Each structure stands twice: as structure tokens, then as C-alpha cells.
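What Swiss-Prot says about this one:
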- Glu113, Asp135, Ile137: Mg(2+) 1 binding site (BINDING)
- Asp135, Asp138, Glu294: Mg(2+) 2 binding site (BINDING)
- Asp138, Gly139, Ser140, Ser141, Asn230, Tyr258, Lys288: substrate binding site (BINDING)
Amino acid sequence: MAKASESLDLSVNESTDKALDRDCTTLSRHVLQQLQSFSADAQDLSALMNRIALAGKLVARRLSRAGLMEGVLGFTGEVNVQGESVKKMDVYANDVFISVFKQSGLVCRLASEEMDEPYYIPENCPIGRYTLLYDPIDGSSNTDTNLSLGSIFSIRQQEGDDSDGQAKDLLTNGRKQIAAGYILYGPSTMLVYTMGTGVHSFTLDPSLGEFILSEENIRIPDHGAVYSVNEGNFWQWEESMREYIRYVHRTEGYTARYSGAMVSDIHRILVQGGVFLYPGTIQNPEGKLRLLYESAPLAFLIQQAGGRATTGLVDILDVVPKKLHQRTPLIIGSKEDVAKVESFIQNGH
């Protein structure tokens, strides 16, 4: 009995130690572990991720009080560079990212889908070697109905001095990304990121005010039951995409899930498997999603988890944009499910 008791004690202690290790693994510590370095570059990237986390905390706090505060719900009455009506939360979140990175000393430029041109921070530009590209609020239409939203981010190394202020060095493929990820504002606030060494998730512990490691080296299933697409656009798509939708309707084992916030849908697919689709339409074959701020960051992350991302014809990470706000179709998720969609599209061409 004594030996059995000792064995049980050891098992409990090991379990407790693992839980403590996880609880002590903050985002900044994890980044340094992933880079296996305490060099100046590694410290800079750790600081950058901390700044992104701070922006996420501020946005999460604002969203948690959305029904109690002025200036959170509804539209501003303005239209952004994409021709879309601007929500008040879009403006707030965009301003949060700018304010947070103004103080970092690490970022010279921020490029957002809410801004016509990159935002330069002159005092940072002599030393700031990085550019942050981001979608401050994904799914902002969900704000007024208290549904999940997200933020998407990508970090790139600045190339050249960008003396003409055109940010032409950003017009490169998605494989130039150093890091990418998203923040999900749901029942809990989660930050999921990759630096090219796997995909890792963190959950905001409100009592500590820290993002704590939830899961390391997440792998997306090769196949999943979920397909996530706005079927309200059915008659606007090419016939090949409509044929795919008819296929999943008549094939047992598929289930539709679509929230109106891509980050939320992508997170479900990362965990459960499946495919997210935002195809182009007959009138707008280039699609709706922004390559640099939405499609490429999520493609980098999903591919690091063992999934795939494509336009239907070309790997998303191989697409070279011709302009900052370039749009692209997106099919992303489990590799078998993405391949199935591709087969319909490519046969349709």
C-alpha cells in the first residue's frame, strides 16, 4: 500500500508540476523559447508580441463593456478605403494598435485595412526594423449582437529605407512573414500565433492580466466535418463553387458553421478540422478578403499547423500583391478538405 501511495503522490506531483509550468509560460517567455535565443532580435520580437497582446487586452476590455459605454456600438457614418461603412469599434481598435506601437520603438510602419496608406512613426523609423500589418477588428458587424470577433496580425521585416513612403517592400509573397496570428474575442480571449515553428495558443487570464500558454504545436486534422461559407452568396459564385456546395449538401457527414467573423470560424477549423471558403464571385473574381491583412497571415498560421490555404488555383503564400489593399479568394483549412474544393474549381476551369 505504501508503494501504491508513493506512486500516486509522484503522479499527482508530476501533474501539478506540468500545470505550474504551463501557468508560468507567458507569451513573452514562450516567444524566446521558440526562437531559442536571447539575442537582441529575439528580444525585439518578444517585445513586439507583447505589444500585440496589450492591444488585444485593451480591445477585449472595451468589448466586454460594449453595452455599457458610449462610442462602441454602431457606425461612424464614414466609409473606409475598401468602400465599407466603418463601425465605431473598427476605429477604436485601429487607434489602439497605433497607440500601443507608437511607444514600442520597434515598428516604423503600421499597415491596416482601415487606413488608405501605411501609418509611419517617425521617431521609430531610424531604429524600427519591423512592419505590423493587421486587421484591427475582423467581423465588426458582430459587435452589436454580442458575438465573437477577432484581430489578425502579421509581422514583416522592413527591407530598405522606404524613402519614398510607398512601402513597396511589402508587395512580396506571404513567405516573407516573420510571425502571424490572431486574437479571438469570445467566451475567453485567446491569442494564437506562429513564428514558423508550429502554432501555439494562449488564453488571457483576467486575474493575472497575462496570456498564459494553453496548447503548443497545434495540428489541424487532415479532414473535418465543418464547411464554413456564406451560402447567401450562392448565386453570385461560379458554377464550380456551386457544384461543391451541392456536393456537401448531398454527402453525409458534413455540417455548416458560419459566424460572420473569419477568426472565429478559422479557430473552430484549426481545432476540429474542416474548410473555410470565401470565394470570388462572377462580378468580383478577385474576392473580398485582403491578402496582406487577412488571407496571408491566416494562411501562414494554418500551413504551420499542417493545413493548406489557396485561392483555388495558387497557394496563398505564393501570391505577390500589386497593391497594399489587394483582395484574394480564400479556401483554407484541413488539407484533404481544401483539396476537395480545389478539385471542383480546377475541373471547372
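Here the Cβ of each residue, glycine as well, is placed from N, Cα and C on the backbone.
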Can you grab the distance from Asp138 (Mg(2+) 2 binding site) over to Glu113 (Mg(2+) 1 binding site)? Cα atoms, rounded to a whole Å.
10
Return the count of C-beta atoms lying within 10 angstroms of the C-beta of Lys288 (substrate binding site), excluding that atom itself.
18
What binding-site residues among Gly139, Asn230, Lys288, Glu294 are found with a C-alpha within 10 angstroms of that of Glu113 (Mg(2+) 1 binding site)?
Glu294
Neighbours of Glu113, Asp135, Ile137 excl. site residues, C-beta within 8 Å of centre, Mg(2+) 1:
Asp90, Ala93, Asn94, Ser112, Glu114, Tyr134, Pro136, Asp138, Ser140, Ser151, Ile152, Arg290, Tyr293, Glu294
Length of the line joining the Cα atoms of Asp135 (Mg(2+) 1 binding site) and Glu294 (Mg(2+) 2 binding site), in Å:
7
Alpha-carbon spacing, Ser141 (substrate binding site) to Glu294 (Mg(2+) 2 binding site), which is rounded to whole Å:
16
Does Glu294 (Mg(2+) 2 binding site) have same-chain partners at least 6 apart in sequence with Cβ under 8 Å from its own Cβ, and which are they?
Glu113, Asp135, Asp138, Ile152, Met262, Leu330
Among Ser140, Ser141, Asn230, which are binding-site residues, the residue with the most C-beta atoms within 10 angstroms of its C-beta:
Ser140
I need the CA-to-CA distance for Ile137 (Mg(2+) 1 binding site) versus Tyr258 (substrate binding site), whole Å please.
17
Least surrounded among the binding-site residues, given as Glu113, Asp135, Asp138, when other CB atoms within 10 Å are counted:
Glu113
Excluding near sequence neighbours, so keeping only residues 6 or more apart in the same chain, what lies with its CB under 8 A of Gly139 (substrate binding site)?
Leu147, Ser148, Leu149, Gly150, Ser259, Gly260, Ala261, Met262, Val263, Ser264
Excluding Asp135, Asp138, Glu294 themselves, which residues in that chain have a Cβ inside 8 Å of the centre of the Cβ atoms defining the Mg(2+) 2 site?
Glu113, Tyr134, Ile137, Gly150, Ser151, Ile152, Tyr182, Met262, Val263, Leu289, Arg290, Tyr293
Which one of these binding-site residues has the most other Cβ atoms within 10 Å of its own Cβ: Ile137, Tyr258?
Ile137
